[in-house]
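**Q** Let me give you the structure first, and then I'll get to my questions.
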């Protein structure tokens, strides 16, 4: 076998020379062929080893192509098989490959050589996915392929939050006592010390009162003045608040009053028997049932029924609900407009019900003036009868109108109640007004009568103290009565007339000031100090002041005596 191969190798240069000579005559103007390039270096190929003289192109050398390129014969299927067999034979005999024939040997059937002598690249095959029984990727030899996990490049909010959560450091709970400090603690028991004790609970963090309002105020200042000016405004407000909180008066001048002691409500003593057991026991105490079982002879079995007794519900203590919003105050013109709209809507609704047959239509309103228009030909048939019917219908309508007015008319008691509501306030109101008047001279009987009678008619309480040189009138009552009485004292009564009448009877005194009435003070109190209105004639000022002291209001007298009229000054 080796001899045959050696002989064939010796013939290769001669075959190459003959093939190159035949090809050179036809392709002188074209690019030099690959076989000519191979035959131009017989010495180099031969020196590289015995594989250089191997008859790789037996068929192509013996039968060169008549036309076309020099490698056209190589690309046929027969030549390809011959090249492959020669390559396998050389590999079994231990010959190495010559890089000169690598492009030709590695060619596939149907491949062609480009004019510059290069061969197009072999198209890449689609990768084949191989998996084992466990679903892991393996190569052609059965080895597991380690595929790197692709990094998550998604920027979704969920993934970002998950990364933040993973990166967040979770602190271990702080234990009150370390179990390892216990000398009797055994680690071999497998007890997790992080689960042995409960962690310390977090304390409640209450928001300070007024924090959110201060934050809202600072944001408002920033948006209005800017950040720099907002700080200045905030500092000014803090200084003003501090100045208002500081006391401006001397604490030594404050009048010391009695300390109000708030008595704590004593707790109820524990009863000998509860109220829910009292109705069930014959003896009325727990002595009979303290020892041993409870027999039927000790209980009132007739009180035990299948009914469930519910205790009386008690409303929880809470602040009263805020008052409802006040209705919008309308002008007279708006009230008339709304009244007209309501009447039109009511009339339309009544007409619609008549049209649907829900209510009967009203009878025609026949009068003597429109008798012929309404009845027409019927009026001429029996005019006497129709006239009588029309007059009777008119009388019925008039009587119905009178009856409706009588039904709407109030009874005498309702009239009195309505008049009282108009003249006086609601007696259940807790607010009581007080008016304090000062008069120079109230000695005239006519003036005294008017002051006394008007106070009683207006249901006012108080007193009228008449003294030499000064008279004081105090009235207590509702707002309506106080308003009417104030008009009487300050406008209706002409006090100067009473002084003139008195001067005519007595000797005139030019130095005496004019008689007049002034309102010293008006305000509200929690409860009235007088039970009725009374008139007191006092000789001295001490006796006059004692009237107010007995009522518990001596400051009324002091205020009226020390009052200085602005107009007089």
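Cβ coordinates are placed from backbone N, Cα and C, and glycine is handled just like the others.
Curation plays no part in TrEMBL annotations; they are all automatic predictions.
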**Q** With TrEMBL as the source, identify the stretch among 288-311, 312-335, 336-359 annotated region 'Disordered'.
**A** 312-335
**Q** Region 'Disordered' per TrEMBL: which of the ranges 1-50, 51-100 is that?
**A** 1-50
**Q** For the region 'Disordered' (312-335), how many residues does DSSP put in helix, in strand and in coil?
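**A** Looking at the region 'Disordered' (312-335) with DSSP, the answer is 4 helix, 0 strand, 20 coil.
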**Q** Can you give me the average pLDDT across the domain 'Pre-mRNA-splicing factor 3' (182-411), rounded to a whole number?
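**A** The answer is 80, the mean pLDDT of the model over that range.
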